[in-house]
Amino acid sequence: MVLPTSGSSRLKYISLGVLVLQTASLVLTMRYSRTLKEEGPRYLASSAVVSAEALKIFTCVCLVFRENNFSLWALNQLLKEEIVNKPMETMKLAVPAGIYTLQNNLLYVALSNLDAATYQVTYQLKILTTALFSVSMLGKRLGFYQWLSLLLLMAGVILVQWPTGSEGDSEQKVLSASSRFVGVMAVLVACVSSGFGGVYFEKILKETKQSVWVRNIQLGAFSIVLGFIGMMVYDGEQVSQSGMFQGYNSITCTVVVLQAMGGLVIAVVIKYADNILKGFATSLSIILSTLVSYFLLMDFQPTGVFFFGAVMVIAATFLYSYERQPASSSAIKL
C-alpha cells in the first residue's frame with residue numbers, strides 16, 4: 001500500500017514541477033524573444049503559432065501511434081474513422097481552433113508590450129472567464145469560496161494595473177502608457193477567448209468518447225489552416241520577401257516547443273494532480289516569472305501596489321482551487 005501511494009505522490013509533484021517550469025519558461029522566453037535586439041528581421045508571431053500547432057499535431061500523432069501498439073495500419077484506420085468518416089464531429093473543432101489561434105497570436109502581442117510579471121498576473125483573469133463560461137454553458141455551480149475568489153482576483157488584477165505615477169520624460173511616458181494599454185487589451189481579449197475556448201472544448205470532450213489526443217489532432221489541423229490564413233493576410237508581404245521562417249533562432253525554436261507542449265503538460269497535470277496543486281503551480285510560476293523579469297530581463301520595476309495585487313491574485317488562485325463540498329443550497333447559479 002505504501003509503494004503505490006509513494007509513486008502516485010511522486011508523479012503529482014513531478015507534474016507540478018513540469019507545469020511550473022513550462023508556464024514560467026514559455027512566458028519568459030517569449031518576452032525575451034520579442035524584446036531581443038538583433039540584426040535582420042524579427043521572427044513572425046503568426047509563423048511561430050503555425051509552427052507550434054504543427055509540432056503539437058506531430059506529438060499527438062506519435063502518442064496515438066504508441067496507444068495503438070506502434071501499428072501504422074491501426075493508426076491509419078483510427079484517424080480515418082474518427083476524422084475523415086465523421087466530418088460533422090470534426091467540424092465542431094473549427095470554433096475552438098479559431099479561438100485558440102487568435103489567443104496564441106494575442107499572447108505574442110501582449111508580451112511584446114508588457115513585462116513578464118504583469119502579464120502573468122493579469123492573465124490569471126482567465127480563471128474568471130472560464131468560471132463564468134462554465135456556469136453559463138455547462139451549468140456548473142460555484143460555491144461561496146469560488147465567487148469570493150473571483151472578486152479577489154479582479155481586485156488584485158486592478159491593483160497590478162494601477163498607475164505608478166513615476167516621474168520621467170512626458171513623451172516616453174505617453175509611449176509607455178500606449179504600449180501598456182495595447183498589451184493589457186491583448187491579455188484581456190486572450191482571457192475571454194481562453195475561457196470560452198476551454199469550456200467549449202471541454203463540452204465537446206464530454207459529449208464524445210474520442211481520445212483527447214485525437215481531438216487535439218483535429219483541433220491542430222484547423223488551427224494550422226486558420227493560422228496560415230491569418231499569417232498570409234497580416235504578414236503575407238514579409239513572408240513573400242523573407243520566407244515563413246525568417247528570424248528563427250534557438251530562442252524562437254524554444255518558444256515554439258514550449259508553446260506546443262503546453263496543452264500536453266496540462267493534460268498530464270489533470271491526470272496526476274488536482275486543482276490545489278494546479279493553483280500552487282500557477283502561483284509558483286508567477287513568483288518565478290517576477291523574479292526573473294526583475295533580476296535577469298530587467299524590464300520590471302516592482303512597486304508595493306503591484307506586490308499587494310499579486311498576493312491577492314495568488315490567494316484567489318488558491319481559494320478558487322479549494323476543494324468544495326458537493327453543491328448545496330449555498331451554491332449560486334446564474
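Every residue, even glycine, has its Cβ placed from backbone N, Cα and C.
The range from 46-66, 277-297 that TrEMBL describes as transmembrane segment is residues 277-297.
Using the rule of three or more Cβ pairs under 8 Å, pairs at least 6 apart in sequence, the transmembrane segment (277-297) is in contact with the transmembrane segment (13-32). Proximity of the transmembrane segment (303-322) to the transmembrane segment (142-162) is established through 3 or more Cβ-Cβ distances under 8 Å for residue pairs spaced 6 or more apart. Residues 93, 95-96, 99-100, 102-103, 106-107, 109-114, 118-119, 122-123, 125-126, 128-134, 137-138, 161, 215, 219 of the same chain lie 6 or more positions beyond the ends of the transmembrane segment (182-201) yet place their CB under 8 Å from a CB of it.
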